[in-house]
Amino acid sequence: MEGPESGSGAASSAVADWSLVFWTLCSVTLPVLITLWCSFQRSRRQVLIRDIFRKSKHDWHYTDLFGQPSYCCVCAQHILQGAFCNCCGLRVSEGCLKKADQLFLCKEIMMRSSSGAHSSMPHHWIRGNVPLCSCCMICKQQCGTQPKLCDYRCVWCQYTVHDECMLDHLKTEECTFGEFRDLIIPPYYLSTINQMRKDKRTDYEKVAPYCRKHWMPVIILANTRSGNNMGETLLGEFKILLNPVQVFDLSKIAPAKALQLCTLLPCNAVRVLVCGGDGTVGWVLDAIDEMKIKGQERYIPQVAILPLGTGNDLSNTLGWGAGYAGEVPVEQILRNVMEADGIKLDRWKVQVTNKGYYNLRKPKVFTMNNYFSIGPDALMALNFHAHREKTPSLFSSRIINKAVYFFYGTKDCLVQECKDLNKKVELELDGERIELPNLEGIIVLNIGYWGGGCRLWEGMGDEPYPLARHDDGLLEVVGVHGSFHCAQIQVKLANPVRLGQAHTVRLILKSSKMPMQVDGEPWAQGPCTVTITHKTRALMLYHSGEQTDDDASSTSEPDHGREQTDEDV
């Protein structure tokens, strides 16, 4: 009896073991299979979405969470995630994306109809998702208060209207382009210009609004890689308010190509808003210099700055602030551009000629807008640049960038790699040799600010000194005793060593290799001769609204903020 019973017990035990193994395998493999299936479906869905985005006339972008209560423009359902158009503001769920692409037209950069000249156009209404706190243009009551898809917004003038106030005559009413009509390039203007170019006519001044007195079209040039990476968001916000043809991403198109739009617009009336750091501004100003070489002087625009970089000293000097982090609405930025005053900015040629009888290399030539330096601040910039080249993903925040600068500045206080600079260099100002005291660095200034917001030439402001201006054809030359001295100057606990002002600066590096920089672009330089001479003047825009206490104590900006803005070749 024991034999059969023990055999059946062993068999049932084996079945139980295999059952345990089976269910264990199922519990392990099933989640893996589900995960793989979901991943496959997600990637397949993303491919389909990208395909729709690529073929669409809308500028679609996908988001996992909308920043305000949103409703699908097709099915009218409440949505948390989906796609939105950066140009017209449409918001749709993922499932309705293809249908929305067929039902709704996006902002037209040019009017489709080519029959005859146009001087006006109707409203382009989009239903639902109106801006918060917007008011109806008819009854002046708040719009978008109901928790559903309701009310209308014109994508050009930004006017909003209640559903019940949307009368038949309002649907056909002409669009005025709203508050920013003087900055917008109307689609009918571009279509007319396009037709005139086909007919080989250039009398653009007869086309409206070319002949309008206060029309000052603006061109937006945004660097999406600058500083705190806000460029992508700003591009979308500007496309909503302006004609998308006026907004350019400098990571996709060079400034020289974007600025050719100026040749289709009124002479001496175009304004350019550069969204980026001082390096981006210099890039745009170089492109404007190329326009002068091409004989396009009368189309030269005036340049305003929205500071997105790390230092932003040029922006600070011109009253646009030390940095932008989204605290000011885009609408206010455009108002500031309209109200800004024209001024001039000196630009300088920096020529670096290497020493040596058998040196056949051409001299290195730079264009300087802000400052040139040799010594500890150039060393900090060089170390920062080398670190950023190795790990660019770590440098996406202005705060992190400044923290890295602080680290290298503290390190130099201990190491003092640039000591005894006065024994290694000779300095000439307007041909006169200057006897140098014991220094670690020399800085040649064109603008008022340096080092991310410090007024270096003024120092503590307790000593008499000639005023510094950025349009007088003079450079200010100062010396510093080291990184710790630079830090003291920045918090107004010390004065720089003022070496003088000059129209031409010549610096001779006699021996060893030293760090140098021009407008934040550093390099290590061996024995050489550096010559700085005046190159040209740029037409800039000065915003008086950002004036600080330091600015008020200096008369350099207010006096020349009203100067003529004629092109200076």
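Even glycines carry a Cβ here, placed using N, Cα and C.
The transmembrane segment feature in TrEMBL is assigned to 20-40.
Among the features that TrEMBL reports, domain 'Phorbol-ester/DAG-type' is placed at 57-106 (among others). Break the domain 'Phorbol-ester/DAG-type' (57-106) down by DSSP state and the numbers are 10 helix, 14 strand, 26 coil.
Feature annotation from TrEMBL assigns domain 'Phorbol-ester/DAG-type' to 122-175 (among others). Per-residue pLDDT, averaged over the domain 'Phorbol-ester/DAG-type' (122-175), rounds to 86.
The domain 'DAGKc' feature in TrEMBL is assigned to 213-354.
The annotation region 'Disordered' is assigned in TrEMBL to 544-569.
The feature compositional bias 'Basic and acidic residues' is assigned by TrEMBL to 557-569.
Within the chain, the transmembrane segment (20-40) has no long-range Cβ neighbours under 8 A that lie six or more residues past its boundaries. Counted with DSSP, the domain 'DAGKc' (213-354) comes out as 58 helix, 34 strand, 50 coil.
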